[in-house]
Amino acid sequence: MDVTDAEYQCHKQNTSSQAKSCVNRASFVFMANFENFFLRLKLKDCFHLHRLSETNVYINVARPIWGITVAKNPWTYIIASVVIAATCSIGLLNFTAENRPTKLWIPQDSGFVHNSEWLQEHFPNEIRLQSWVLVDDDVLRPETFLWMLELHDNITELASSNGYKWKDVCFKIPVVTEPETKRRRKRQANSSEIESFGFEDFDFDGFDSNFEDIPAPALDPNFEPAIDLPIGIFCDIVEGLEEACLENNFLDIWNYKKEVISKLSRQDIINAINSVERSNLTRVQYSNLIGQPRYNESGHIVGAGSVLVQLLTRVNYSLITNDATSNDAGTGDLVDPISLEWEGAFVNLLHNFTVTLNNSNLYYMASRSFGDISSATILGDVRLLSAGICVVFIYVQLMLGKFNLVEQRAFLSLTGIASVAMAILVSYGLCSAFGVFYGPVHSILPFLLLGIGIDDMFVIVQCWSNLNKEEMKRSLPVRIGITMKHAGVSITITSVTDFAAFAVGATTVLPSLRSFCIYSAVGILATYLFQASFFVAWLTLDQRRIESHRDGMLPCFVHRNWKPSTLSRIEPLQVFFSRFLAKYLFKWPAKVFILILSAFLLGVNTWGSVLMRQEFNPLWFIPTSTYLSQYFSTIESHYPDNGQLASIYIQTTNLSSNLDQLEALIDTVRNETQIVSQVDDWFTGFKDFTAKRHAIDWSSQNMTDEQFSTYLKNYLFTQKGAKFRSNFKFEKSLECRSSIAPPISITNFDFVFRPFSGREEHIPAMRRIKEIAEEYSLEFGSHVFASARIFSSWETDEVIMEELYRNLAIAMVCVFVTTFILIANLFACLLVLLCVVLTLICVNGSMHFWGLTIDTVSCINLVLAIGLCVDYAAHVAHTFMTKTGTRNERAAATISSIGPAVFHGGFSTFLAFIFLANSDSHVFLTFFKIFVLVVAYGLFHGLLFFPVVLSLVGPAPFDVAAPPDVEDKAVTAEELEPQLSHREKSDIVKVRKEEEIPIKGTTEADSNL
């Protein structure tokens, strides 16, 4: 037997109390290594409830060793924490911010995403829209149109920084110059001509085919230049036409001539609007360009509240680099750098353009606006975060320390917030390193981690404050160890449950929610580790400072013969919980009142949950103070939705042999009158054209491939057929002088959905159109699919409710399992789960009354709510299980000991995002509203309802049949000794010797300073 074994046996043979302490210290060493613990714990014991309570005791025993180790080596853990955070921050070099809607809100395996990517590759959109709208009491005034002409001229002459003007980027079409008097025609009702598609009425790739200045034969109403003129003459005319930029503008009626517009009277303007139906150039219906029109008794327009102007630019795909993601301006639509730069100049011009009209307002947007604003807001409002941190710091400083020169804890408060900052750095760095993108909703992550970190910090400090007089006589490392024995279990339970809730959320199909949950899970884990190491290390150093009587702000200054005043050591919140709440809450009148109030809140909010509706709109992510949000708000109020434009695409290599199927597909869509209001297809006009011009009998005659190609080419150069050129993708360019059209690879036709009131209508409509497309895919033997921009929102609506319920259900199961393992009492875990469910119901119901809906942001926040609800209830449940006595006594002791820490954690979480109430961001406002509800209902159920329930039906404490000194009876000496290694015996001896050093030694050393 060597010296260590001899010393060990000596300590083993000490008095009974010393022996118990020796065994206790040995158990600390034995349980310090969690890996060895789980290896030595028999697996079968985990299947017995009576053994699960021992598991909790084992965790309690293991915790002091961690605290002792950190307290003995504080600088090691501080430096290691900083190094880890700095190392993880290297991952920020791969930081990627994502704001493309198709990459954020839509399941990446959805048909819409695949179809959009396929269209982008094979049938890209060439047109980009820039727009402005003027709002006035009455825009149909001469001075308004003169101002519009001034703005038009400024835009025409606008040049980007590299010198490109409007004429260099605009979408051009050939146009025939004609006398002004010939451009007007009376409005006629034509049932065969589709109404305008509103803002989408610019898909025109032809030319102004009004050949009124061609002599005599052209005046024949049946005259068609593309057919009746020799092909050489016709093509000479077409190729010699001037090109004009496409702009949907009322001034097109007067050909933008200032000498004409300056002489217009109000009556001239009203007469023109009521007599000219469509633009000869863009084919837009002028009535769609005025908002809030006013009519007289005869149905004529006599006034309007707004006028809309749309400018169309063309994407030059030859200038786009191979890296598509750098050319999409944050919207997913590719754009060349020249157009992108001009759009920026366009926004700057309208931003600085002076509206000289009285009571008028100008609103505008560019195609790049969404990407610009999303990029600017994606990192959140740093000012709000900074203000929240300052408020939390002040609160923590006031609550964490005491009001005297020595026991104030300003630096400790800073280190607690610094540990959260390092956790944020680790979360961002690790996730970026592994390619997880950062989205708009991630802006709330710092607030979330700040609230959780402050909660952990208060629990640790509260457990330190709860040490009794005997425990305070122990050495500082042991005191820190005892603190972490109690606090460690609490923060472990809450952190593990929070981590589990977000880990479950990371399995969702919604990319933005998945990414946020990954960031949050990593951040929560890092927060837990840094609070348990970095903060505890600084707590040790700060306590050394206090025990050395060093000043709280100037640690180099020592206060000799310092004694704290009684008043400065009073903690008002602790007094409130101990002497008031714990005293009166558990009297029967108070219990009945709390239970009735809880039932009332549950009933009201259950009703609100039933009324809760689900709605998602990506435009909500645009801050309301931005010019783009104001533009869309104006459009929504002045130009009500007449239905959403959609298209059906057919990929085919032999369309001429599938014309019957094409006609059947068009008729099927047209016959869906419950969901479709209009269909605009090229085939109906093509049939009329061939029947009239080429005597094709479609009821009995089949068309050969050559005939089809010939007739289609002719039709696409006619007056009515020219606008349908953009509905085809040919394998080669469509040439005027060619006798036939090139082979077709893709064709499409457009239709308009009826206006829908919500997801209950538009989701079945979308599904029905997709079903039709899939059915005809079999008929064509090729890819047929429906696509629309609005599908990006509708597909999110389709899955978000299912994802929400799924994530909540799985998160609740994970929370229950983790709390069951860590608290180790089935009934206590069920009560915790009850508190979580009640809080979620109340939050969800109050969301409805506060004007919120179920969308991706609220979905994320409800998942967050589970973690915070568990925090409040789990702290109370665990503390209650460690108390002895009657249920009322245990509940009162629980409220007294852990209540202040739980309240501090909840209230500091509220303070962290109090400034978000002034934000104009949908993400921040939703976060603020939901978390106010979570904190309010969570604290109510955690600190009032739950203790009352525990006082009535609370479970028995841990190991109720065991002697009071559960810690020492957890492992006996006989059971422990055979398993101890030589090193572990040495550690036990070392700990025991340190405890034998009188505490007065420290005091004497301090007095000598």
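A Cβ is built for glycine as well, from the same backbone N, Cα and C atoms used for every other residue.
Those TrEMBL annotations? Automatic predictions, nothing curated.
Within the model, the domain 'SSD' (381-541) carries an average pLDDT of 87. The feature domain 'SSD' is assigned by TrEMBL to 381-541 (among others).
What TrEMBL lists as domain 'SSD' is 833-952 (among others).
Residues or ranges marked as transmembrane segment by TrEMBL: 382-400 (among others).
What TrEMBL records for 412-438 (among others) is transmembrane segment. Same-chain residues lying 6+ beyond the ends of the transmembrane segment (412-438) with a Cβ under 8 Å from its Cβ atoms: 81-82, 84-85, 88-98, 103, 378, 389, 392-393, 396-397, 400-401, 445-446, 449-450, 453-454, 457, 511, 515, 518-520, 522-524, 526-527, 530-531, 534-535, 538-539, 542.
The transmembrane segment annotation in TrEMBL covers 444-467 (among others). Using a Cβ-Cβ cut-off under 8 Å and counting only residues 6 or more beyond its ends in the same chain, the transmembrane segment (444-467) has close neighbours at 380, 385, 388-389, 392, 396, 399-400, 416-417, 419-420, 423-424, 427, 479-480, 482-484, 486-487, 490-491, 494-495, 498, 516, 519-520, 523-524, 527-528, 530-532, 535-536, 539, 571, 574, 861, 864, 867-868, 871, 875, 897-898, 900-901, 904-906, 908-909, 912-913, 916, 923-924, 927, 931.
Feature annotation from TrEMBL assigns transmembrane segment to 487-506 (among others).
Per TrEMBL, the feature transmembrane segment maps to 518-541 (among others). Non-local neighbours of the transmembrane segment (518-541) in the same chain are 66-67, 70-71, 73-75, 77-78, 80-82, 85, 411-412, 415-416, 418-420, 422-424, 426-428, 430-431, 436, 438, 442, 445, 448-449, 452-453, 456-457, 460-461, 464, 476-477, 480, 484, 488, 491-492, 495, 498-499, 502-503, 505-506, 864, 867; each lies 6+ residues outside the stretch with a CB under 8 Å from one of its CB atoms.
For the transmembrane segment (592-612), same-chain residues at least 6 beyond its ends with a Cβ under 8 Å from one of its own Cβ atoms are 585, 838, 841-849, 853-854, 937, 940-941, 944-945, 948. Annotation source TrEMBL lists transmembrane segment at 592-612 (among others).
The transmembrane segment annotation in TrEMBL covers 808-841 (among others).
According to TrEMBL, the feature transmembrane segment maps to 847-870 (among others).
Residues annotated as transmembrane segment in TrEMBL: 891-917 (among others).
Annotation comment: TrEMBL describes 923-946 (among others) as transmembrane segment.
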>> Based on DSSP, tally up the residues of the domain 'SSD' (833-952) by helix, strand and coil.
In response: 106 helix, 1 strand, 13 coil
